[in-house]
Structures are given as C-alpha cells and as structure tokens.
Amino acid sequence: MWKMERNTNNILDIHTHKAEPVSAGKAIINRKLATDALCEGYFYSAGIHPWDLTEFDTERRLECLREQLAEKQLVAVGEAGLDKLAAAPMQLQVAVFKEQVELSEKYELPLIIHCVKAMDELLALRKERAPKQPWIWHGFRGKPEQAKQLLQKGFYLSFGMHYSSEAMNVVPDSRLFLETDDSPVDIEDVLRDAAKVRGVEVETLQAIVRKNIQDIFFRA
C-alpha cells in the first residue's frame, strides 16, 4: 500500500466535512465526489453516502469514486453504508455498499461506515464479505452491548461529541478513533472530552489515537 511521504503524525480527526485550512495536517477530510478539489497537504476519504443514492446516477458516481481512489491523497473509502431512514431502497444501498467494500479491498484502504438502524444487515454483510481491510463505524452513538458486539466482529469505532460514555469505555485503545464529522467543534474539544470519559491524560489519549491513525490509514 502507498504511504504518504510527508509528515502525518499530527492527524487526529479521521472524519470531518470541514475543509478549512485549519484542517490541513490534522484531519482526514470527507470529499464530495467530483466537486471538491484536492489541496496539497490535505488527506481525504471519498465514498457514496446512502443519502446521496438514486436509481439514475449510481454507476456514474461509482466510476467517479474509482477515479478518485487512484489519487495518493485519498486514504480511506467512505463514508459508505446503510441507513433505513434514507430515501434510497435498501436493495440499492446494499448493492452500492458492496461495490465500495470491493474498492476498499482493491485499493487496500480502510472503510469508513455510516450505519443507521441497520446493524444486523451490516454484520451480515461483514460475515459474507470477510474483508481484510479495516471497517470503522464513524460517529458511533450506540449502546455498550452494541459496541462489544461490533468489537467482537473486528470493527473499529470512531466517536464525536455525542456518545454513550459507557460505550466508549468498552473500546480498547487499539480500536478507538475520534472525529468532528459535520459539527462546529474542534478535534481538540473531542479529545479533551474523550480523555475525561476514559480517565486518562489528554496527551496519553492523543498519542493513542495518533498511533491508531498511523497503523490503519498510513500503513507501509
């Protein structure tokens, strides 16, 4: 897998929709297909969100995604997933999710997952596909029991500002990520809150999360 030559040690936020200059060097920015330009010094994820699916342009979107994933600044696929509150039929969501799983495997990139009220379906797909690349459930707000189940199946969990403290505390250090998503907060705010919940120093948790990012997103 391709490894970014420039310094990536300051990245702390694995999923943000904010593309301001402040995000450069410390965040993985979720890129809108075919609209956002790639900027030097930034890192990106790209995928087809279930909210954006329609019957009419799915193949065009997939082709656009395939082209983008060849770019060296793209370090993850996603966000991809299943959402029972989205307008797109579940059959279409599943089909497009499977396509993105295949792209994650082909390009050896982690998969950032959006999942709403479809955990059973997601677990079934993981069993069916048996992926080698990491699957990261972004913005996890579930219960501790759900977190344990996902961890047992090999998932990583990413937390923003809103979550169950009990759920966060069942996640081992090696499976934990932090993010800002589309909130106005800074990643440092998320970090401070998470460190308090986990009962550790901010510097300790920062080092843990940064190591996980290096291990998963910037593997040699």
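Glycine residues also receive a Cβ, built from the backbone N, Cα and C atoms like all the rest.
Any TrEMBL annotation is an automated prediction that lacks curation.
Source: prediction; values computed, not measured.
Taken from TrEMBL, the feature divalent metal cation 1 binding site applies to GLU79, ASP181. Residues annotated as divalent metal cation 2 binding site in TrEMBL: HIS114, HIS138.
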Euclidean distance between Cα atoms of HIS114 (divalent metal cation 2 binding site) and GLU79 (divalent metal cation 1 binding site), Å: 6
Binding-site residues: GLU79, ASP181 - member with fewest neighbouring CB atoms within 10 Å: ASP181
Close in space, distant in sequence - HIS114 (divalent metal cation 2 binding site), Cβ under 8 Å, 6 or more apart: HIS49, PRO50, GLY78, GLU79, ALA80, GLY81, LEU82, ASP83, HIS138, GLY139
Cβ-Cβ neighbours of HIS138 (divalent metal cation 2 binding site) (radius 10 Å): 24
DSSP three-state assignment for ASP181 (divalent metal cation 1 binding site): strand
